[in-house]
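> Please find one structure pasted underneath; my questions will follow.
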Amino acid sequence: MLKVKRLEEFNTCYNSNQLEKMAFFQCREEVEKVKCFLEKNSGDQDSRSGHNEAKEVWSNADLTERMPVKSKRTSALAVDIPAPPAPFDHRIVTAKQGAVNSFYTVSKTEILGGGRFGQVHKCEETATGLKLAAKIIKTRGMKDKEEVKNEISVMNQLDHANLIQLYDAFESKNDIVLVMEYVDGGELFDRIIDESYNLTELDTILFMKQICEGIRHMHQMYILHLDLKPENILCVNRDAKQIKIIDFGLARRYKPREKLKVNFGTPEFLAPEVVNYDFVSFPTDMWSVGVIAYMLLSGLSPFLGDNDAETLNNILACRWDLEDEEFQDISEEAKEFISKLLIKEKSWRISASEALKHPWLSDHKLHSRLNAQKKKNRGSDAQDFVTK
């Protein structure tokens with residue numbers, strides 16, 4: 001595989017924003033070229049898939065060389081503490097007609113993020129002083145408004161500590177404002193690319209457990225996220241390992257009898273069925289979970305190419321491996337976990353419930369061993385510092 005850009009350079013290259021890097025594949029010709037290429041070169045496709053065997057587990061609705069983003073990492077002791085719930089009870093929200101400023105003070109200077117939709121500002125409820133986040137979404141017509149109202153409907157159905165919660169909503173002529181739970185830890189993506197942030201396999205386990213718990217809840221509610229990526233996962237604060245999944249703008253209600261197809265998403269996280277414009281379902285999110293696990297463990301993006309076409313090519317060929325030196329000290333359980341998710345045939349991928357039962361996320365003996373190794377590495381690093 002060709003050497004690819006650093007992930008932070010990739011973001012700039014695609015001229016997109018951290019909270020909403022959408023790539024809408026309206027030009028289907030590029031995908032068709034990739035598919036034609038693969039049909040001619042599919043002889044050894046299965047040997048590249050990163051797994052030798054897999055079984056179908058989706059009957060239950062419960063449900064080339066890559067450039068490293070950073071060097072090898074170690075960190076302080078990780079503590080498995082659940083993410084705190086929102087500072088308010090779950091509520092059913094409908095968009096009110098009127099101005100958000102009548103009830104909230106929206107900061108013009110504290111901008112938390114932004115993208116195709118508009119911007120997210122820090123805000124405060126006037127009556128209570130509750131700190132919140134206001135996502136201001138520009139709406140140019142009825143279609144835009146219906147998309148935002150779908151996001152509201154989705155969030156109304158989701159009540160879980162690892163999913164950001166909706167507090168209020170306001171509709172005016174040119175925009176809809178979603179007032180949401182506020183967290184200040186930044187994006188998980190920032191921790192991947194931050195050279196000063198130390199991340200271990202045990203830290204990754206803590207993140208992945210929470211991601212899978214949030215996705216399991218979504219799937220139990222028959223909702224697909226369809227845009228899972230580190231930019232759409234926020235850390236509760238700067239130091240802890242608790243996370244919350246955000247951005248349900250592309251989420252869809254899954255109805256088994258109604259075959260759903262989508263043609264949106266961020267290229268490097270797309271499942272093969274999205275690239276092929278085939279039917280999507282719960283396993284589509286789990287592919288993205290596999291990509292996130294791969295990135296957290298190694299600092300590498302498994303399918304990222306120099307351009308969209310090359311990235312889609314890699315995805316359709318299911319061309320990935322665990323041979324990079326960044327995986328040298330990673331446990332076999334972690335490698336097996338990834339291999340059960342990055343599978344081209346979606347029915348063979350493990351579900352969120354199965355992922356949480358996998359030894360990598362559930363074996364306390366493994367976690368104790370990784371913790372002991374982390375302490376040993378910390379002591380070794382400290383000794384090296386003293387020697388120098």
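Backbone N, Cα and C atoms are what each Cβ position is placed from, and that goes for glycine too.
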> Which of Lys131, Lys135 does Swiss-Prot put in the same ATP site as Leu112, Gly113, Gly114, Gly115, Arg116, Phe117, Gly118, Gln119, Val120?
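The one candidate that Swiss-Prot places in that ATP site: Lys135.
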> Near the Cβ of Val120 (ATP binding site), how many other Cβ atoms are there if near means within 10 Å?
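Cβ-Cβ neighbours of Val120 (ATP binding site) within 10 Å number 24.
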> Across the domain 'Protein kinase' (106-361), what is the average pLDDT of the model, as a whole number?
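Value for the domain 'Protein kinase' (106-361), mean pLDDT as a whole number: 95.
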> Would you mind reading off the Cα separation of Gly114 (ATP binding site) from Asp227 (active site, proton acceptor), to the nearest angstrom?
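Just about 16 Å between their Cα atoms.
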> With every protein chain in view, what's the tally of Cβ atoms within 10 Å of the Cβ of Arg116 (ATP binding site), excluding that atom itself?
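Around Arg116 (ATP binding site), other Cβ atoms within 10 Å: 14.
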